[in-house]
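Let me begin by presenting the structure, written as structure tokens, before commenting on it.
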Amino acid sequence: VICHPKYKESKRIAIFLSMPDEVQTEEIIKDIFKQGKECFIPRYKPQSNHMDMLKLSSAEDISSLALTSWNILQPSDDDNTREEALDGGGLDLIFMPGLGFDKKGNRLGRGKGYYDTYLERCMKHPSGKPYTIALAFREQICESVPVTENDIPVNEILYEDC
């Protein structure tokens, strides 16, 4: 990941805080800060498909985050001090999780449409749609995954031996 040309050229990067069954992102987050890039993480709004990408101040900042009922660390709902990426300069790159992917870039998420809805908001931002890279295990690559007209394909899927 850290040798990827899109990663190297990106200044504003959104990345998920991984759950135990996902590609682990902790070392990537540390590298984002080591390289002097800006790091944004998701804050999901329950009972909706709304998600914001909020700025982290450091890799250590993660330890101050609240654990949600989904067992995900994220800034608390009353944390209004963090920059939302689209209120500023937008994003250059988004690393995305998923349950399954096909080689056409289709992604099967967890069913709420958070990332697709967020990407639609990105397209309305002056900086436009960021490049999207899904982080996957080889076992998550399928022949095809079901999609709807609201699903936005990822630009690239990175997995072992891809």
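Glycine is treated like the rest: Cβ placed from N, Cα and C.
Look at TrEMBL and you will find LEU17, GLU22 tagged as substrate binding site. Using a 10 Å Cβ-Cβ cutoff, GLU22 (substrate binding site) registers 16 neighbours.
For ARG107 (ATP binding site), the same-chain residues that are 6 or more apart in sequence and have a Cβ closer than 8 Å to its Cβ are MET96, GLY98, GLY100, PHE101, TYR115, ALA134, VAL145, ASP151, PRO153, VAL154. Sequence annotations record features per position, and here TrEMBL assigns ATP binding site to ARG107, LEU108, GLY109, ARG110, GLY111, LYS112, GLY113, TYR114, TYR115.
Under 8 Å, Cβ to Cβ, and six or more positions away along its own chain, GLY113 (ATP binding site) finds ASN49, ASN150. Separating the Cα atoms of GLY109 (ATP binding site) and GLU22 (substrate binding site) is a whole-number distance of 12 Å. Taking the mean position of the Cβ atoms of ARG107, LEU108, GLY109, ARG110, GLY111, LYS112, GLY113, TYR114, TYR115 as the ATP site, the remaining residues of that chain whose Cβ falls within 8 Å of it are GLY98, ASP116.
Neighbour count (other Cβ atoms within 10 Å of the Cβ, all protein chains): 18 for LEU17 (substrate binding site). Comparing the binding-site residues GLY109, GLY111 on other C-beta atoms within 10 angstroms of each C-beta gives the minimum for GLY111.
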